[in-house]
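According to TrEMBL:
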- 1-23: signal peptide (SIGNAL)
- 33-117: domain 'G-protein coupled receptors family 2 profile 1' (DOMAIN)
- 132-383: domain 'G-protein coupled receptors family 2 profile 2' (DOMAIN)
- 134-154: transmembrane segment (TRANSMEM)
- 166-184: transmembrane segment (TRANSMEM)
- 220-239: transmembrane segment (TRANSMEM)
- 246-266: transmembrane segment (TRANSMEM)
- 286-310: transmembrane segment (TRANSMEM)
- 330-350: transmembrane segment (TRANSMEM)
- 362-382: transmembrane segment (TRANSMEM)
Amino acid sequence: MACVVQVSLAALLLLPMAPAMHSDCIFKKEQAMCLEKIQRANELMGFNDSSPGCPGMWDNITCWKPANVGEMVLVSCPELFRIFNPDRDMGVVSRNCTEDGWSEPFPHYFDACGFDEYESETGDQDYYYLSVKALYTVGYSTSLVTLTTAMVILCRFRKLHCTRNFIHMNLFVSFMLRAISVFIKDWILYAEQDSNHCFISTVECKAIMVFFHYCVVSNYFWLFIEGLYLFTLLVETFFPERRYFYWYTIIGWGTPTVCVTVWATLRLYFDDTGCWDMNDSTALWWVIKGPVVGSIMVNFVLFIGIIVILVQKLQSPDMGGNESSIYLRLARSTLLLIPLFGIHYTVFAFSPENVSKRERLVFELGLGSFQGFVVAVLYCFLNGEVQAEIKRKWRSWKVNRYFAVDFKHRHPSLASSGVNGGTQLSILSKSSSQIRMSGLPADNLAT
């Protein structure tokens, strides 16, 4: 029986609320337990290769204990079938031990457990999970390239260095780290198309999962910082941005460090199984899940508060404009705030993990992977301040280039004489600085 494709587990683990165990690992775990049971039963019953009867076996679906000739063994349908068919009444499958060995199962798995339905569902799921993986791979790759470009722009221009953009830059870094951690985890854990990841338990593997969870939690907390900063900016009259920025940095990077460290310590002492990529203990998982859900809920409250403040400001007589323009500006402001605050995560924040799993995958993985791209475009490339600074640098470069060409044409003897490049550059720099000091409008410099 073919195992479910590995991407299903890889995709589900990207969610802030990962399932305890996936299908391919469930079968591997059941197989290992079956072999142990068979060995214990053989020792208890005194079975060996030459003994009459039927030896215990794993038929790739369920476990059959050793039996004597003429004995009938009954087993229940595997637990995995109950997960995929929760509304179906699961039956019992039997085999008879004959002199020729085990008989065929009766009733067949098709009839007793809905095995045909399971196979069709897993086939559809394999294709579905591969599609979702391709979607979030494209999304995170696009976001990573866009965010890197945005970071270069914000770091390059000194006039863009302010508290607001520093917070944006930290948010961009958290999105970049999240994308990188996803690629590393997929590459390390799920590069091979088998189920070996179910039993990996190395220090390197666990370190990767700790890093992955840290990046995800940090991303959520910097979304929370963005909301908190904007709300405080609108509410407080006197706002010491620089002093608050240090606290924002401590919250954005320090709180995830504490949460993930506590979780890793508890996993090490109380649930040190596998690669820490599956969460059998719900209580331990809440050490990470709790702060994430809390930050989402607080951000939602801040989002509502900011919308109320925007409504009050837009309806003020000083703003002017008719009612339709007010609502248009309000709608535009709201749509701009949603990706910055991560408000879309509230849709599934409190829903049970086994409810609307497919919708959650598309929403939180497929669409969520493009969130970094949307944030970079809205708050860097479409930012008026950023665009003005890029245009200013472009005009300055054109002016410098124009004077450099004009200088060579008017003084060709200098280019071949003993005047070195350093002297020419100093002259050009002095000329361009005089132009900037002259106070000419930007439009005149462009013509």
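Cβ from N, Cα, C; glycine included.
With a cut-off of 8 Å on Cβ pairs spaced 6 or more residues apart, the transmembrane segment (246-266) and the transmembrane segment (166-184) reach 3 or more such pairs and are scored as touching. Tertiary proximity for the transmembrane segment (286-310) is limited to same-chain residues at least six positions away from its ends with a CB under 8 Å from its CB atoms, namely 16-17, 213, 216-217, 220-221, 223-224, 227-228, 230-231, 234-235, 255-256, 259-260, 262-263, 266, 330, 333-334, 337-338, 341-343, 345-346, 349-350. Looking just at the domain 'G-protein coupled receptors family 2 profile 2' (132-383), the mean pLDDT is 82. Cβ atoms under 8 Å from those of the transmembrane segment (134-154) belong to residues 11, 14, 160-161, 165, 168-169, 172-173, 175-176, 178-180, 182-183, 362, 365-373, 375-377, 379-381, 386, 390 of the same chain, restricted to positions at least 6 beyond its ends.
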